[in-house]
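Q: I have a structure here, written as structure tokens, and I will follow up with some questions on it.
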Amino acid sequence: MTLQEKIMQELNVKPSIEPKQEIEKRVGFLKSYLKKTGAKGFVLGISGGQDSTLAGRLAQLAVEELREEGIQAEFIAVRLPYGVQQDEDDAQLALKFIQPDKSFAFDIASTVGSFAAQYQSVTGEALADFHKGNVKARVRMITQYAIGGQNQLLVIGTDHAAEAVTGFFTKYGDGGADLLPLTGLTKRQGRSLLEELGAPERLYTKSPTADLLDEKPQQSDETELGLTYDNIDDYLEGKAVSSEVAEAIEKRYKASEHKRQVPASMFDDWWK
């Protein structure tokens, strides 16, 4: 088995999918997990990008079906901007498409700013922009878990195969969640699900961005990764890619293994 094949198997990626069936399976997963845990619904941060739009719509469909079955469940969508978000119109368009039961908005700027100021006061040095970006992601996670805990809701994560293979998420930030309905999907497969669901086209054709850096606002994921999502998706779907692309993806995959595992202990073998 090649490393490419091993990665495909580990991340549960299929070379091709049928969007309608995938939607049904993933909504079914959300419903089954909620019933198993006894929780009362879901919470998810909505950015206006492809991944949270898709996960949010799946969550809303799941709770609506549960209510039709006589099980009370709700979905809370939460906006978590850092000050004024440049693509706020997209976030509002995503909420209009998702139609969540409830939506809240928390501006995380003051919380992040207070921490950054305290960090500089205590250590004598400014928090680097990259690490401040990770603080933003983790404050968003804390907010979602506060809402979830207060309302007995499960926190949904938006991680998918293209992020998992590259480790392109913040550990205990956007990587902190209770369940992941997009697992196994490549970026283009996620787009096909949104097309099937009738999402506004601009929400899945826009350039994806984590938008965590003050110094590089709206920097695209592809610029930060040095790889295109088409390259990553081709690799994950078992297609031929250049040796340079394969090496870059595999290097990131190996370096980010710790992000796909629970914290290491001396009894684990994965890190050896």
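Along the chain as shown, residues are numbered 1 onward.
Each residue, glycine too, has its Cβ placed from N, Cα and C.
On a predicted model such as this, the values are computed, not experimentally measured, just so you know.
Residues or ranges marked as ATP binding site by Swiss-Prot: G45, I46, S47, G48, G49, Q50, D51, S52, T158, K187, T209. The Mg(2+) binding site feature in Swiss-Prot is assigned to D51, E163; the stated evidence is sequence analysis. According to Swiss-Prot, the feature deamido-NAD(+) binding site maps to R138, K171, D178, H258, K259, an assignment based on sequence analysis.
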Q: Relative to the Cβ of S47 (ATP binding site), which residues of the same chain, six or more apart in sequence, are found under 8 Å away?
A: L80, Q85, A91, A94, D211
Q: Name, in the order they occur in the sequence, the residues of the same chain whose CB lies under 8 A from the CB of T158 (ATP binding site) and which sit 6 or more residues away.
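A: For T158 (ATP binding site), the qualifying residues are L44, D51, S52, L54, A55, D174, L180, L182.
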Q: Could you check the binding-site residues G45, G49 and say which one's CB has the most other CB atoms within 10 Å?
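A: Highest number of other Cβ atoms within 10 Å: G45.
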Q: List every residue in the same chain as H258 (deamido-NAD(+) binding site), at least 6 positions away in sequence, whose Cβ is under 8 Å from its Cβ.
A: K171, A264, W271
Q: Test of understanding: give the count of other CB atoms lying within 10 angstroms of the CB of K171 (deamido-NAD(+) binding site).
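A: The Cβ of K171 (deamido-NAD(+) binding site) has 16 Cβ neighbours within 10 Å.
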Q: Consider the binding-site residues R138, E163, D178, K259 and say which one has the Cα lying nearest the Cα of T209 (ATP binding site).
A: E163
Q: Write out the long-range same-chain contacts of D178 (deamido-NAD(+) binding site), meaning residues 6 or more apart in sequence whose Cβ is under 8 Å from its Cβ.
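A: Set apart from D178 (deamido-NAD(+) binding site) by at least 6 residues yet with Cβ under 8 Å, we have G148, L154, V155, I156, G157.
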Q: Return one of helix, strand or coil for G45 (ATP binding site), based on DSSP.
A: strand
Q: Which of the listed binding-site residues (R138, K259) has the least company, meaning the fewest other Cβ atoms within 10 Å of its Cβ?
A: K259
Q: Please give me the CB contact count at 10 A for E163 (Mg(2+) binding site), counting all chains in the structure.
A: 25
Q: Using DSSP with the three-state reduction, classify T158 (ATP binding site) as helix, strand or coil.
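A: Where T158 (ATP binding site) sits, the three-state DSSP reduction gives coil.
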